[in-house]
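Below is one structure; the comments refer to it alone.
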Amino acid sequence: MTRYILSVDGGGIRGIIPALILAEIEKRARKPIAEIFDLMAGTSTGGIVIAGLCKKDDQGKPQYSANDLVELYQEYGAYIFKSSFFRQSILSWFNCAQYPYENIESVLDKYFGEDILKNTLSNVLITSYDIHNNFPFFFKSWREDRNFIKLKDALRATTAAPTYFAPKYLEVKQEKRVLVDGGVFANNPAACAYANSKKLFPNEEIVLVSIGTGRLSNRMKYRKLGKIAWIKPLLNVMFASSLDVVNYQLGNVMDDRYVRIQSQLTIASAEMDNVTPKNIKFLQQEANAMIEAVKTLKKVIKQRKLAAESKEESTVAELENPKEEIQDVSIESVVVKIEKILQDASKKIYEFRNPSLLSLIIFKTIKTIINSRFGTKILHFSAKRNLYNLFLFLVKYDANVDAVNRKGNTVLHIASQYGSTAIAEVIVVMSKNVSAQNIDGDTPLHYSVKYRYLDVMQKLLQFGADINCLNRLGESPLHLAVQYADGVMLGLLIKGGAFLEIKNIEGSTPLHLAVSLNKKDHVELLLQNRADINAIGRDGCTPLHLAVMNGNKEIVELLLSKKANVYLKCFYNSTEGYTALENAVANRNKKIVALFLLHGIILDKNLVRTFHLRESEKKTDQELHLDIQVYKENLKVVDIAKPVGKWTQMVILNDGLMQRLAQLIQKEGDEKGYWELFVKAQASTQGKYKGRGR
């Protein structure tokens with residue numbers, strides 16, 4: 001599943017720019033921002049923007065739209081940055097901040113009231129810096145030790161820019177905090193958002209949209225600055241420099257999954273407190289220009305709409321549209337670069353007037369470009385966007401289809417990940433190794449299964465891809481099929497010779513994994529193909545143990561009907577070990593216990609004797625004698641079966657004795673205490689047994 005993350009920079013009154021951009025996204029997507037993004041991070045004015053978009057009304061819906069926040073800047077910007085003559089004088093540099101904090105606090109109280117972080121519509125991350133303890137302090141809506149903090153207090157802290165506003169004094173869990181603007185260390189909180197998203201959404205794809213407040217364009221006239229006059233320019237430099245570092249780092253780590261919406265300020269002032277009507281109008285014009293210029297905006301909106309409308313989770317390749325727009329731009333850029341090099345080469349050899357030599361040099365030049373680092377990027381890009389004609393052009397000039405990028409992915413990896421079937425069909429014929437592994441140990445077959453591209457998977461298998469190759473996590477394509485694919489792909493891998501008992505680094509077979517993920521259809525398919533129903537995983541856990549721990553009644557029923565061994569013990573968090581039934585009893589899962597009873601599985605014969613006598617209290621002596629004789633015959637079956645270690649269903653001749661017990665232990669208001677009797681009897685077989693489970 002792809003998770004969408006939003007990050008909004010700081011910048012004072014320039015926060016109107018991201019507010020306008022987000023208003024455009026809401027307009028085109030026809031849904032609130034809080035429903036589009038899974039995590040939203042903001043610094044300073046960016047914190048106000050994301051908190052406003054995540055605040056709930058009385059009906060649990062967004063209280064404010066992005067347009068409402070645009071109005072906040074228009075109506076209250078001048079009030080927030082309103083200062084007296086005394087504060088504007090030179091004295092303000094010595095004994096007070098430039099602007100009174102009371103103004104911004106009243107605006108925050110008006111918009112956010114007493115609402116707390118915990119009540120936000122999406123995960124919220126707001127940055128600040130604790131100058132008392134010299135450490136960054138993050139307001140996180142999902143952290144129980146902080147989500148009780150009021151939104152207005154968090155926003156007051158993140159907007160306390162040094163020299164502009166006084167710090168925010170806050171006591172959290174009886175610890176004193178003196179908080180200032182998070183921009184002193186993360187004016188662009190995108191890196192913070194990315195790090196937290198990896199913790200919140202492990203093993204999921206992350207798309208991060210970072211919106212700036214306009215890049216500073218004015219050069220500092222440093223020769224005219226005195227000691228005091230250096231303070232504000234240095235703050236601007238400090239805030240701006242962190243933006244470049246974050247962009248560089250995330251651009252390298254996330255590639256095209258990091259979308260940065262930012263532009264140079266051309267007509268508006270970069271000063272965060274310039275709240276003149278003229279400058280606010282200029283800031284709106286800057287935002288409108290960014291909306292028109294940034295084509296990625298349309299791509300992000302379309303991605304999210306496709307993901308929301310799809311019945312199943314769309315794969316990464318399906319989400320990355322529109323293809324035609326990107327195709328035109330990419331081919332044009334390639335042609336322009338090649339033409340320039342060819343023109344330079346032609347000028348040098350023109351004096352020879354030799355067409356053959358010119359043709360040779362043209363061929364060699366193109367070949368050199370294609371096999372350069374630049375050419376490798378274009379080759380991978382053609383596979384990613386399924387640009388078949390561009391790919392054939394590159395192959396014509398001997399492009400290396402086995403060339404890898406910095407993650408170790410070949411072109412075949414890319415084609416398998418993005419479903420470029422036609423390109424994959426060409427590569428499998430030309431490639432020297434269709435089972436090449438990247439730095440994570442994944443092969444193209446792993447990718448085709450993970451991203452559910454059946455045609456690519458079949459083509460890879462046809463050309464001898466290693467069906468049992470393990471990645472660094474010990475996962476085979478069959479493991480990934482259990483996690484991500486449907487029954488068709490799973491069945492084809494099994495028919496293709498996938499080893500059913502192969503284990504990952506956690507000791508789990510595909511059957512263990514299917515049970516853990518509660519995928520009953522996959523469990524049935526694996527069992528139909530003779531997967532080991534009693535496979536021993538980590539700590540001795542069998543699929544039956546996992547099904548009981550998950551409380552999945554249907555899968556437990558399925559495994560019992562397939563004669564799973566009920567006497568095997570799991571040693572997870574235990575030195576003595578415990579059976580699946582003991583685990584169900586200890587965790588008081590009556591429905592699961594009843595299933596075991598209905599299959600004739602019970603570990604203490606004294607329990608049946610006690611139960612039988614209780615049920616037979618009203619019977620005649622003759623009837624009681626007959627029942628006891630039948631009961632004793634049944635016990636012989638159990639006593640014979642248990643030492644052998646085989647599963648044997650108890651033959652119930654006493655008119656559904658076990659069925660009756662199964663009904664009684666699930667009965668509400670158990671006056672006779674059948675359930676407690678059952679728990680006590682089961683515990684007696686293993687001594688002091690306590691509840692266990694993963």
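Even glycines carry a Cβ here, placed using N, Cα and C.
Because the structure is a prediction, the values reported are computed rather than measured.
Pulled from TrEMBL:
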- SER44: active site, nucleophile (ACT_SITE)
- ASP181: active site, proton acceptor (ACT_SITE)
- 6-194: domain 'PNPLA' (DOMAIN)
- 407-439: repeat 'ANK' (REPEAT)
- 440-472: repeat 'ANK' (REPEAT)
- 473-505: repeat 'ANK' (REPEAT)
- 506-538: repeat 'ANK' (REPEAT)
- 539-566: repeat 'ANK' (REPEAT)
- 10-15: motif 'GXGXXG' (MOTIF)
- 42-46: motif 'GXSXG' (MOTIF)
Worksheet item: How many neighbouring Cβ atoms, not counting its own, are there within 10 Å of the Cβ of the residue listed as 'active site, proton acceptor'?
Response: 30
Fill in: Distal contacts, the repeat 'ANK' (407-439) - CB-CB under 8 A, six or more residues away
315-318, 320, 379-380, 382-386, 388, 391-392, 395, 401, 445, 447-448, 450-451, 453, 455-457, 459-460, 462-466, 469, 471
Discussion item. Using DSSP, what is the helix/strand/coil residue split across the repeat 'ANK' (473-505)?
Written reply: 17 helix, 0 strand, 16 coil
